[in-house]
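K.L.:
If you look up TrEMBL, you'll see 4-312 marked as domain 'DUS-like FMN-binding'. For ARG35, ASN95, TYR176, ARG276, LYS278, TYR283, ARG299, the entry in TrEMBL reads site 'Interacts with tRNA'. Look at TrEMBL and you will find GLN68, LYS139, HIS168, ASN199, GLY200, GLU201, GLY223, ARG224 tagged as FMN binding site. Among the features that TrEMBL reports, active site, proton donor is placed at CYS98.
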Amino acid sequence: MKLILAPMEGVVDFKMRQLLTNLGGFDLCVTEFIRVVDLTFPRRVFIKTCPELLNNGYTESGTPVRIQLLGQVPHALAANARKAVMLGSHGIDLNFGCPAKTVNKSKGGAVLLKEPELMYQIIKAVREAVPAEHEVSAKIRLGFDDDSNTAEIVDAVQSAGASSLAIHARTKRDGYKPPAYWEKIKPLLDRVTMPIVANGEIWQIEDAYRCQERSGCSDLMLGRGALATPDLAAKIKAHRNSDSYTPLSWENVIYHILHSSMHQDPSLSEKYFSSRTKQWLGYLKLQYPQANDLFDEIRKLKNKDEVVSVLEKYAKCPSIDSNHNGFA
């Protein structure tokens, strides 16, 4: 079983990848997407999205990171993919699943599910541009408005030479509304030789096993579930291996949030840490009731030091040097 951390735009950035992989269980991370139009980006663009490139493409805990690209111009995506792996990305992932209207309006993400032939051209161009030792993966949904062309989409991905395919088991129209239709992935396995990774509505250990059974996939991609339960990947792996495991306490969750404050990019605004902390608490509320009280207490705070002070009170731990930055 491989567990992959999903590329959640605006949520799973460098700091979140570092925090979640430090807790264990993940075999690979995929970055937020880099939007490609027709230019080959300079090195700094890749480093900004994936600072792990400065650590040979690994998180602090040693988990490999793969850059995700989004766009519709095959040759431009190919050129940027080639540069990304040269800089240290562990393969390339192509985004055909983003449901955001602003992205879809500019012919990116899930809207390309309407054009399997263009998907084929994109994947083929990237595959030919990237050295064979690097994987080229794709992330899709079951379809755009419905799942009537899922098989055609999967055939295009396979024929173009993709190394693996992650399927979010909902259509673009479904958005993130439960349920995830894991069972619709299973018939697709007979059409391909590449591994398929199942994604969607995996919140607990039991969900992981149900997803594997219904989808037929051994490999899973975790997104919102890992934000609600930060050690979800570690818990799944421990359960699978029959290892003893002590779930992450609320105090330890707070400690890890504090630890992430140590790695804030000094170029980011003063509001960044407080905004991201509030955003994450929105997910943590689903598994930790204490997150509601903490959110209420920091709701109006914008200054990082003020937020850190409140967090330290909840964690009951010594003050942490928030000026520390970079890899340990």
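Including glycine, each Cβ sits where the backbone N, Cα and C put it.
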K.L.:
I'd like to know which of the recorded positions ARG35, ARG224, ARG276, LYS278 has the most other Cβ atoms within 10 Å of its Cβ.
P.N.:
ARG276
K.L.:
So, three-state DSSP: helix, strand or coil for TYR176 (site 'Interacts with tRNA')?
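P.N.:
Reduced to three states, the DSSP call for TYR176 (site 'Interacts with tRNA') is coil.
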K.L.:
Relative to the Cα of ASN95 (site 'Interacts with tRNA'), which of the recorded positions LYS139, TYR176, ASN199 have a Cα no more than 10 Å away?
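P.N.:
So the list is LYS139.
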K.L.:
Would you mind checking how many other C-beta atoms are within 10 angstroms of the C-beta on ASN199 (FMN binding site)?
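P.N.:
I get 28 for this one.
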K.L.:
Quick check: of the recorded positions listed here (ARG35, CYS98, ARG276, LYS278), which one has the Cα closest to that of GLY223 (FMN binding site)?
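P.N.:
Nearest in space to GLY223 (FMN binding site), counting only the recorded positions, is CYS98.
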K.L.:
Work out the three-state DSSP category of GLY223 (FMN binding site).
P.N.:
coil
K.L.:
Where the distance is taken from Cα to Cα, which of the recorded positions ARG35, CYS98, TYR176, LYS278, TYR283 turns out closest to GLY200 (FMN binding site)?
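P.N.:
Nearest in space to GLY200 (FMN binding site), counting only the recorded positions, is TYR176.
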K.L.:
ARG224 (FMN binding site): which of the recorded positions ARG35, CYS98, ARG276, LYS278, TYR283, ARG299 have a C-alpha within 10 angstroms of it?
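P.N.:
The recorded positions passing the 10 Å Cα test are TYR283.
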K.L.:
For LYS139 (FMN binding site), what residues in its own chain, 6 or more apart in sequence, show a Cβ-Cβ distance under 8 Å?
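P.N.:
Those within reach of LYS139 (FMN binding site), by Cβ under 8 Å and sequence separation of 6 or more, are PRO7, VAL30, GLN68, ASP93, LEU94, ASN95, PHE96, GLY97, LEU165, ALA166, ILE167, HIS168, ASN199, MET221.
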K.L.:
Between GLU201 (FMN binding site) and TYR176 (site 'Interacts with tRNA'), how many Å separate their Cα atoms?
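P.N.:
Checking the Cα atoms of GLU201 (FMN binding site) and TYR176 (site 'Interacts with tRNA') gives a distance of 9 Å.
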K.L.:
Quick one: what's DSSP say for GLU201 (FMN binding site), helix, strand or coil?
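P.N.:
The residue in question, GLU201 (FMN binding site), is coil (DSSP, three-state).
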K.L.:
Of HIS168, ARG299, the recorded positions given in the record, which has the fewest other CB atoms within 10 A of its CB?
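P.N.:
Fewest other Cβ atoms within 10 Å, among the recorded positions HIS168, ARG299, is found for ARG299.
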K.L.:
Taking LYS278 (site 'Interacts with tRNA') as the reference, which of ARG35, CYS98, TYR176, ARG299 (the recorded positions) have a CA within 10 A of its CA?
P.N.:
ARG299
K.L.:
Quick one: of TYR176, TYR283, which of the recorded sites has the smallest count of other CB atoms within 10 A?
P.N.:
TYR176
